[in-house]
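Data block below; observations after.
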Amino acid sequence: MTTNAPGAVILAAGKGTRMKSRLPKVLHPIAGKPMLGHVLSAVSALGSERPVLVVGPGMDEVATYARGLVSGLTIAVQEKQLGTGDAVRAAAPHIDKKESVVLVVFGDTPLVRAETLADMTRRCEEGSDIVVLGFEAADPTGYGRLILDGNDVVRIVEHKDASEEERKNKLCFGGPMAVRAAHLPALLAKLTNKNAQGEFYMTDFVAHGRAAGLVCSAVFCLEADMQGVNSRADLAAAEATMQQRLRMAAMAGGVTMLDPSSVYLSMDTEFGEDVTVGQNVVFGPGCVIANGVTIKAFSHLEGAHVAEGAEIGPFARIRPGSEIGRKARIGNFVETKKARIEDGAKVNHLSYIGDARVGAGANIGAGTITCNYDGYNKFFTDIGAGAFIGSNSSLVAPVSIGDGAYLGSGSVVTKDVAADALGVARARQFEKPGWAAAFHAKHKDKKKASGE
């Protein structure tokens, strides 16, 4: 996106106490992906290979997650929560000396776009020494204000330190900042904590830079892109914004959504063209949906691959490891897990198919269960191509049903059934004429004798 990849500092040392959670704030998910992961992905899209993540003491869980996502990442620890400027100071010794531009972003702003960060970096490359990210807020309460002189940023005033006149200004500072690396040491050295909070503010870079004759400018984005997350309510708002982005992108790519606001996607959900998605469908992580698939209302998919022309739902649950073949059919109240449903196979109602293969063109009757777990281990069920499994059958794994075999309804199968054979595993039906009448008469006489 840019000629030269920037250095990057991600600030993630906040304790997130308002989240009321044992999980670190930046690891709370948005669209199935931790907030910090969204930010790291945006930074990585710019080509930054050695970003620095600033965490607080004891935030090993955050550091471990980030290292697993970005191999070249360095961890810096901010020992005390003394403000954003102090956090950048903690990162400074770890910034690669080769970097010409350093981009500072926040781990709790998961909606920031890589394109916006690229614009900031490009502005630095084109002559600005400091570039801040701003937006116009509908309600600017709580935000730092951008004070402009034409196209130049004069200073950033924190809300608590702003005058009444400055608080009327709706141009706000979003948080991210790009700085020419050569100026960073001097800017850090000039920071003081003479403010209402007694903290070292990164926002003071602008005033100090201006005083030193540096060029300070701004790049602007939508307010929604700068939604920060400090509470569960903020998390819900950010989720709603991200979901709307994902829905719009899916529909632009050829997906029909009958009620878009009720469909929930994950960041890695992949769609082909001419996919139709019904109401209240949820896509967990790891779903790949091919061309022409129909997913009906109230279905839940996770870790699933669905091939061209297949039909899912309504009320289907497709769990991780499921592979649904071309023109296969998974109907209402069917659950699959680690199951390969091959081309044209049908599992139409009320079934559990786990640790199994259902061959091409096979038909699974209502109420069929693959009994795959003995309390300690999982076992595999293999159902051949063209097999017919009668309703209300239990297949006790490990077991194999051959190609073209026919299994009688109500069977409890514990042994393999050969190809093209009929398998019936149930008690033989018998009849006792008059038994029911005698039974009822006997019990009625007992009730009468006891006075009931």
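Placement of Cβ uses the backbone N, Cα and C atoms for every residue, glycine included.
Binding of acetyl-CoA is attributed by Swiss-Prot to ALA366, ASN372, TYR373, SER391, ARG426, and the same site annotation extends, among SER400, SER409, to SER409. Listed binding-site residues: ASN363, ASN372, SER391, SER409; maximum Cβ neighbour count within 10 Å falls on ASN372. Candidate binding-site residues: LEU11, LYS25, ASP108. Nearest to TYR373 (acetyl-CoA binding site) by Cα distance: LYS25. Ranking the recorded positions LYS337, HIS349 by how many Cβ atoms sit within 10 Å of each one's Cβ puts LYS337 at the top. Packing around TYR373 (acetyl-CoA binding site) is summarised by its Cβ count: 12 other Cβ atoms lie within 10 angstroms of its Cβ, all protein chains included.
Annotation for ALA13 (UDP-N-acetyl-alpha-D-glucosamine binding site): spatial neighbours VAL54, VAL55, GLY56, MET59, VAL77, GLN78, GLN81, ALA87, criterion Cβ-Cβ under 8 Å with sequence separation of six or more. Mean pLDDT for the region 'Linker' (233-253) in this predicted model: 98. A distance of 8 Å separates the Cα atom of ASP108 (Mg(2+) binding site) from that of LEU11 (UDP-N-acetyl-alpha-D-glucosamine binding site). Considering only the residues assigned to acetyl-CoA binding, ALA366, ASN372, TYR373, SER391, SER409, ARG426, the longest pairwise Cα distance works out to 22 Å.
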